[in-house]
Amino acid sequence: MICMYRIEVEDLNVYFDEAHILKDINLKIPKNTVTALIGPSGCGKSTFIRTLNRMNDVISGFRHEGHVYLDGKDIYDPDMDVVELRKKVGMVFQKPNPFPKSIFENVAYGLRVHGYDDRDFIEERVEESLRAAALWDEVKDKLDKSALGLSGGQQQRLCIARTIAIEPEVILMDEPCSALDPISTTKIEDLIHKLKNDYTIIIVTHNMQQATRVSKYTAFFLHGEIVESGLTEQIFIEPRDKRTEDYITGRFG
């Protein structure tokens, strides 16, 4: 039986020392779709996506209860290879974070880390990734130049290219447009629409309009809980919970 869900979260609770951050989270993420996570600051959205590639593991006091399944396998099983997990579940952060290397080496870096050393393969994969990130035409003549010289929007697309170079199954995006201007934001949103054909994308956003533009599914977080989740259109047009309605109409948050 083929599962239609890329990620399934069951009864997830997350603690940092005595602080109970996420409470009884249940959520299914379908394959090759965009799911938006919305909610006020401090409600647990970023903590949640960091449970999906075990980035919280490095934070002192972290512990969890419950299950997070990727393609049917619990990522918190003791035999899980965390390096391999993070290859499958890539991450794009709020602020673009290119390495102080050339544009080419920024994209090639992950390939080298994962053991690829064939020059022709790396060159081909770098070009494919930059094209997929809608950046190739802007940088193809300056691949040896520092990535730090790119604009903010270009740097964020470079970070997306770096993420997809190692062919993940899932891309996590933690407010990827919050530091960008409107034109750069539009380019990232257009890119998300294109990437969903090949990847499962989960995006944290405070921008309600962005959530409606880019996602098929939405989950509303509040005080560490999911108030409701479902089709984005339903969440925004006919929310089932008054707290959801109050948030998306700007009554709080």
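Cβ atoms here come from the backbone N, Cα and C positions, even for glycine.
Keep in mind that what you see is a predicted model, and the values were worked out from it rather than measured.
For S46 (ATP binding site), the Cβ neighbour count at a 10 Å cut-off comes to 19, with all displayed protein chains included. Feature annotation from Swiss-Prot assigns ATP binding site to G39, P40, S41, G42, C43, G44, K45, S46; the stated evidence is sequence analysis.
Sequence annotations record features per position, and here Swiss-Prot assigns domain 'ABC transporter' to 7-248.
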Residues satisfying Cβ distance under 8 Å from K45 (ATP binding site), sequence separation of at least 6: L37, I38, G39, V204, F221
G39, P40, G42, G44 as binding-site residues, winner by CB count within 10 A: G39
8 Å Cβ shell about G39, P40, S41, G42, C43, G44, K45, S46 centroid, ATP site members excluded: F221
